[in-house]
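So that you can see what the record holds, here are the features copied from TrEMBL:
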- 120-138: transmembrane segment (TRANSMEM)
- 144-164: transmembrane segment (TRANSMEM)
- 185-208: transmembrane segment (TRANSMEM)
- 236-256: transmembrane segment (TRANSMEM)
Amino acid sequence: MLPLRGLAKWAPFKIDALGLVTLLGVREVDQAIGKLTYHRYLEFLPLLGAHVVAGNAYLKPIRGFELYNLTDEIKATDASGWFARWILGHSRREVQKARTVIRITDEESKKEKPGWVNRSSVMGAFVLCVLVVLPALIGDWWGLSNGIFIATSIVVRWFLLQQVRSVLDQIIDDMKERNGQKVKVLMVLPTGSAVTICATRGIILALLTSPSQLAVRCIGWAAFVGNALTLGSPSLFYQMICIVIQAVATMLYTWGHCEERFEIGSRLKLEIDKEPPSIIEDNRHTAYARLNLSETEENCMVTWALASQRGNGGWWLKYFKRKHFLFPDAQDDGSKSAEGGAGIGPHGS
């Protein structure tokens, strides 16, 4: 047993709690990366919570989102994680109770933007030089190892995000010829807000698609673990620089600075349209009326409990009044029956 006592003094390196800072900001990083938007100047900067990408957490669906395709009579409760995160990123400032419309279009002729990609690469290269070259110059080999792990994590993150964006582009391209028809879609958020989505059937299918996991994530895990283990061993000077760089980059990234907020990949463009309150009231009656629903689509609303039952004449009266206000030429006898207070006429049961 005596030889084993030497293990008590074996200490080729040290590990302290500093590596735990790499676990900070997980929720914010998951939200920011999961939107799949581009960030000018920030794409190649080191972020905290790198295991969010390695663990594929940023692609997982978020509970509480329900998508209703009224045209095809389809209800889905598994909207893709990237779209749910994109909406949540705008929900506080731009998504209202019922008046918000999200228009999603396919910009096939859109070109890549090598200018800001190059600027982002230059910015990332400069930061990595600080984290890799500086410790090498001062002989801090633990700092050099940590910088290499951080650089590997950045490369893995960029590769995985580009792969996911490419998958969405491919889905849009494959579905364009067969599913170019526009459909009427509502999405209900966990907060209870109802968002109208204007898009083609092919784009809606992309909103329901979660890209598969990639094997390269194991490299991301190795880089994250290496970063966490080696961060406690370098010199104090390197540790301070490393933490400050990652913290500042994470704050800028999660706060949406230099973000292409309405572009996903090279094809999708999203716009948030809010009609003036004088034209579109912020309530469900008006939101549904704006869709100019057919009788079949209205019945789907009742079945899915999005609209009141047919026996509630008061609710349907308000709905038909708003519908005829927005579409004066629309022919619908339901409003006349609703005004009589005895149900919804041919729409009633």
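Cβ coordinates are placed from backbone N, Cα and C, and glycine is handled just like the others.
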Task: Mind checking which residues of the chain, 6+ beyond the ends of the transmembrane segment (120-138), have their Cβ under 8 Å from one of its Cβ atoms?
output: 39-46, 144, 146-148, 150-151, 154, 234-235, 237-238, 241-242, 245, 249
- prompt: By a Cβ-Cβ criterion of under 8 Å, what residues six or more beyond either terminus of the transmembrane segment (236-256) are in contact with it?
  reply: 18, 21-22, 25, 28-29, 31-32, 39, 42, 45-49, 89, 127, 130-131, 134-135, 138, 140, 143, 146-147, 150
